[in-house]
Structure formats: structure tokens, C-alpha cells
Amino acid sequence: MIRVFNTLGRRKEVFNPYSPPLVGMYVCGPTVYDYTHIGHARTFTVFDAIKRYLRLRGYDVFHVQNITDIDDKIINRAREEGRDWREIVREYSRDYLEGLGSLGIQIDHHPRVTDHISDIIRFIEGLIEKGYAYVAESGSVYFEVDKYPGYGMLSGHLSKEAWRQEEDVLHEKKSPYDFALWKAAKPGEPSWESPWGRGRPGWHIECSVMSSRYLGSRIDIHGGGVDLVFPHHENERAQSESYFGHRWVRYWLHASYLTIKGEKMSKSLGNIIPLREALREWGPGPLRLWLLSSHYRSNLDYSEEALGQYRRLYERLRQAADSIGRRLERAEPKGRLGEGELETVERLKGVVRRWHEAMSDDFNMGKAMSSLWEFTTIYFREVEQTESYTLLWLSWRILTGFNSVYAFAPDIVEARRPERSLEDSLVQALVDVRSELRRRKMYDLADEIRSRLAQLGFVLHDKGEKTEWRRR
């Protein structure tokens, strides 16, 4: 049984999707007006891991994550830089998608706002027809907040003083708390034809339309950063439930902030770290492990010390993968396990059990991460020297199970599977030749083979008369 913390109600609930095993998950993606930073990456990696864990548990998850490619921020950036807004979108969309690819984040569909203008117009027309929206003299369209009685329940902002938005257009609203569904065109800004004149969508309507376009009128998980709870998700919920006439999202999940020395990243403080720089410094595997090292609802504080710790964990996991793959090639299944081996089996099973317990409890990734450390300790202390096929195969299954969720090394399942590849066979042949040269005391040639293999990324370890190797 999986339990998740639902922001709507602020309590843990048993995970029970609308139509199991199908799960529809929508995550609010970026507004592409600047480079993706590690705060964005934290949110996107968290929801990728949640999706992967649900798939591991047998759910068929369809993951939609939008790209907001028209917005005030994009228009302002284009104006500041004297560039066409579409150039801004292309540059920062590319940066975002490259960052996701490097982190192994797999999105099933990436809808863009500008590809759904007609869908947005139809949705707004429906809200007007149902009496939840009205057209102002300027041609802008607003959602009438007072018509939706549940407004404020998601965020807890039940006092109207917290709702005030868009001060510059107060004169044309029925209430200062109403928010824009469609913004009338301004000179020099991109716009599209609509029944109310030229204009462009408001921010909140975009996600309501794109999520329901691909996931239907009932969505299992709607996620994003905690900073989106109000007003963005509050407004999404209001307009969507008004349009559909029933509960829209079953579980609202929100990832907390990534901080630096306890402070939220911000341009004013000058402490933003672009994702591309973090990837260049730490590599995708260690970075991804670190991004998943705390509970997603808790802040994650950046420090080089912490990242160094997860780089070491990454290296241990890679070493374990190489070690298991090599040993499985020569290990032979045998009969009954010895008492010590049975005890190791139980310890490994305990690692998996505790990991599932943590992940099933609102995807407690911080607690679950301890199981990866524990696994490497047990493997190198108890399994590596046994040559036990059963223990090696169990270790392999555990490691690849972890990797299917954490995705710290996407190549492990394919390139490190227990079957020997041609490359592995050639390296092993050279290692065997070197061992024979050492036996004959032809150390110069043996050292030359070690040196050449090191240049190719293979590290040799001599243990008495035996030599083991791994990829660097």
C-alpha cells in the first residue's frame, strides 16, 4: 500500500488512482525565459522518480510536463535583449530539454502553450457559457472567483487579502480577486485571434487546458514546486472544476525548495546555479542521487560536501555493478546455501524491505536513500568475495531495481547486464594474458598492458595471483 501526502487536505491518503493501473500525472514545467537551474531540476527529478517508483510497483504512468512558451517573463526578456520572443523560447527550451536528457528524466509528452491556443479559447468559451467567466471592455476575459465556493482550500489562503492579483487591471474586474483567462493584446506583443479580439492566454488557463487535453477530465497526480500552490494551482483547480463540474485532481503533490545556506535561490541574492554548470561539475549520476537525497516535501540545501558524498555513493554503486557483472559470468549455481550466505540473503532482503517501506510512505526518498548505502556495505563486505551465484544474482536484481527509480546510471541495465559483451571478453582476455606474464615475471609487458587499459578507462587491481578489473 502506498500513501501520499495530498496538499488538498494536508494529510496522507492511500494512493488509489481513478482507473488503476493507469495513472495520469501532470507536472508544471518551466517558463522558458532563462536557463534551467538546479532548483527546477530538483522538482523535475523528484517527479521523475515518483513516476519510476509507481511503474516499479506495477502502475502504468503517463507523465505530461508542459513548456510555457508565451508569458510576460518571455516578452520582457525579449524586450530587454532586443530579440524576437521566439528566439528566447528556442534558446531556453533547448537548454531545458538538454538538461532533462542529461539527468535521465523521461517525459511522455511535452505540450507547448502556443500549440494549444484553439484548445484554450474553447475552454474559456465553456467557462463563459457556464457563468464562471466574463469579458471586460478591453477584450480580456476574467474568471469570477466568487462563483467558485472552494477557492482557497488548496493553498489554505481562505482570507481574501491573500488573493489580490494583477493590480494594473483592477478597474475592469468585477472583483479585485478575479484572475485573467485571456489577456487583451498590447502593442508590440505577440497575440492571437479570438472571439474577444486579439490577445494571449493567461498563465493559469494554459495548464488546465494542456493537462486535460492529454489526461482527461480526471487527473490522478498534479505536481509542481511548492511555490506554485498559490496562486497557480489554486486558480487551475478553480477554473477546471468549474468547467468539468466535478473533482478534477485526486492528489496534489508539491516539492519543496532547494536552498543555498538556508536561503532560497534568487537572482537578487546572486546564488542561482544553472543546471548545465552543476552537470559539468558533478556529472548526472551523483547530481541525481543528491537531488533525491531528502524527502521531497523538505528543503534540500546545496553544499559541495553533500554532493561529494553522493559522488562517492555513485562510484560505489558503479563499482558494485561492474563487480557483480564480472562475477556472475564465472559463478555457477550450486545447491543449498551455507548458513552465512543465508544470513546475507536475509540482510539483503531487509534492505529492500526498508527501501519499499520508505518509498511507500509518501515517497520518503531521504529515508530510502540509506538503503543504497547499506546495500553497498553488505555487497563489498559479504557478497563480493563469495562467488555465490545466488547472492550475486540477488545483488544484481536489487541494484537494477534501485537504478530503475534513481536512474543514476542509465547504461547499467543494458551495458552491465550479466551476459558478457564483446568488449568485456576482450578486456578479460588481456587481463588473463597479463596474469600469465606476471607469472613468468615479465613485468614490463604486464605493466604496459595495465597502462594501456587504464588509458581506455579500465582499472586493474592485483589481489595475490588474481587480477580484477573495473571501468573507471
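Cβ coordinates come from backbone N, Cα and C, glycine included.
Now, the feature entries from Swiss-Prot:
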BINDING   Cys28, Cys207, His232, Glu236  Zn(2+) binding site
MOTIF     30-40  motif ''HIGH' region'
MOTIF     264-268  motif ''KMSKS' region'
BINDING   Lys267  ATP binding site
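Projection of Swiss-Prot feature records onto the structure.
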residue : record              : Cβ neighbours (10 Å)
Cys28   : Zn(2+) binding site : 23
Cys207  : Zn(2+) binding site : 27
His232  : Zn(2+) binding site : 19
Glu236  : Zn(2+) binding site : 27
Within 8 Å of the Cβ centroid of Cys28, Cys207, His232, Glu236, the other same-chain residues by Cβ around the recorded Zn(2+) site are Trp203, His204, Glu206, Ser208, His222, Gly224, Leu228, His233, Asn235
In this predicted model, the motif ''HIGH' region' (30-40) has a mean pLDDT of 96
Taking DSSP helix as H, G and I and strand as E and B, the motif ''HIGH' region' (30-40) has 3 helix, 2 strand, 6 coil
DSSP says Cys28 (Zn(2+) binding site), in three-state terms, is coil
